[in-house]
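Step one of this worksheet: look at the structure below.
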Amino acid sequence: MASFGIWVLTIFLVFQSGYGFYLPGSYPHKYKVGDPLSVKVNSLTSIDTEMPFSYYSLPFCKPAEGVKDSAENLGELLMGDRIENSPYRFKMCTNETLIFLCQSGKLSADEFKLLKERIDEMYQVNLILDNLPAIRYTVKEGFVSRWTGYPIGVKFQDMYYVFNHLKFKVLVHKYEETNVVRVMGTGDAVDVFPSGGKGGSDVPGYMVVGFDVIPCSVMHNGNLVKDLKMYDKYPSEIKCDTTTVTVPIKEGEPIVFTYEVAFEESDIKWPSRWDAYLKMEGSKVHWFSILNSLMVITFLAGIVLVIFLRTVRRDLTRYEELDKEAQPQLNEELSGWKLVVGDVFRAPSHPALLCIMVGDGVQILGMGVVTILFAALGFMSPASRGTLITGMLFFYMILGIAAGYVAVRLWRTIGCGDHKGWASVAWKAACFFPGIAFLILTILNFLLWGSHSTGAIPFSLFVILLLLWFCISVPLTLVGGYFGAKAPHIEYPVRTNQIPREIPAQKYPSWLLVLGAGTLPFGTLFIELFFIMSSIWMGRVYYVFGFLLIVMVLLVVVCAEVSLVLTYMHLCVEDWKWWWKSFFASGSVAIYIFLYSVNYLIFDLKSLSGPVSATLYLGYSLFMVLAIMLATGTIGFLSSFWFVHYLFSSVKLD
């Protein structure tokens, strides 16, 4: 079924290649001179609290037609986005100045206190025009920094100032050849450009390719605006100086809001309009991370190669003619892993839990690989808000079939073909990781509800997620379990003795070596982890999914190699309890990621304010770490299982 979908996608792309194909939701809008442009507002955000709040929770101007929610997808809601209409109105290529927006009511004690809190917590206002977030440029010591959004206000000498005047600059690109390009689509996508022919319009069209904002604190005369209505001309000149603030907010006094907008033609083409947000900085660092990972892989691959060569050499030399003096030495050399032949496939402790965790790990790993692959191909660009989270949920639910299949087939393999209990294993695989995730998210959601944050998942969405879980994910996992029960179990190449062999005393605790093994996989991804953490918690846009895909592949290889080497080392010292150790040898990378998360909280998010924000951070980090442990542990276990099966099936033993 997956291959059929890939073929359909390939044919679709080839078919569309002659028509200027654009991905869904990312097609350009053509506007004529004078066409209205509507600005939208998103949630107020801060890297100090990580709790988004509604734009209209503060005494800002509201649209004359009332506040209306924009259509949002599941991913946007889960990310805490609340996109609503705003009172700002532009007309394409029409410069306007001195536009009066509104005068707020007299600030109550609660409103005044809330404004001061939001300014202290460095909350940002996020505006959107034609799907482009407003961007703000700052220059410090000759270095230009880019920021999405602008701060609500600023504190200066114990006084609080609100940015009540906004200076907008809209970059537009003139679309010349209106009769050449045709876009395939439905709805409003059909008439984005006129199709070829004589019916095409000669009226020039413009596309929005940039949206800049400069916030100012401006002194307004309250007497001048008494009789003004929204969008009227402000009667006196407004000077927008970003280096000074003029009027502090006071309890019991209103705030006057104004704005101006200027349009500027730009050479930026529509496909390149996100370059300002996605400007590649630190590409050398990404390449350094990948080269570092390749060195680790090469080193481990050498060890693995030596292991395989030694085992093959032993098997061959056993049947060669050797001197009688050399034979005892050879037998002594072979006395390690060969002695555990009767115990190496003995069922591990808690076999059902191992099967469930491996099944869930396959599901998470598959979701991660497919999502990153689609993102690297451009199907989940930052231009399409929320599609990354939505895609992850979709792929996770569909891959429930793989989770059920792997968990049940492994269960039957451990039970030597016994069908008994497969439905229970499939059901637990469907509920294990999602159950823990729902528990963590529910606790965090209560904290967000208590703080009245838009980051809290609405109750209706909670019900939808539960329905998706029990109506799609669980049935698909049970279907996968059914196929796993019908599939032939994996036959062990050797028989297991009835009495378990005693494991010799070890010089060092084996679990110490297992926990230390996680440092190598962590070394392959810790640099990329910094960029990911910055995008999640520092409000930066993550877009280098090509690098992430390479790092993901390298991580899979390193996890497999580390687990394989450690399993071989344990067998050589006659430790036949390799099942769980192979899982945690690569899965222990999650411990180091969690420690890195704590380090990031202390040193990079040191301004994070309040116990609620810290709890949210640690809760989400724990959720992420659990998923990584299951995925990486599954890689290690499956590679070790294949290695042990291959080793004892290809080497002839007495």
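Cβ from N, Cα, C; glycine included.
TrEMBL annotations:
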- 1-20: signal peptide (SIGNAL)
- 287-309: transmembrane segment (TRANSMEM)
- 352-376: transmembrane segment (TRANSMEM)
- 388-408: transmembrane segment (TRANSMEM)
- 429-449: transmembrane segment (TRANSMEM)
- 461-485: transmembrane segment (TRANSMEM)
- 511-537: transmembrane segment (TRANSMEM)
- 543-566: transmembrane segment (TRANSMEM)
- 578-602: transmembrane segment (TRANSMEM)
- 622-648: transmembrane segment (TRANSMEM)
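Taking residue pairs at least 6 apart in sequence, the transmembrane segment (461-485) and the transmembrane segment (388-408) share three or more C-beta contacts under 8 angstroms. By number of Cβ pairs under 8 Å, the transmembrane segment (352-376) is matched best by 429-449 from the list 429-449, 461-485, 578-602. Two recorded stretches are said to be in contact when at least 3 C-beta pairs lie under 8 angstroms, sequence spacing 6 or more; the transmembrane segment (578-602) and the transmembrane segment (511-537) meet this definition.
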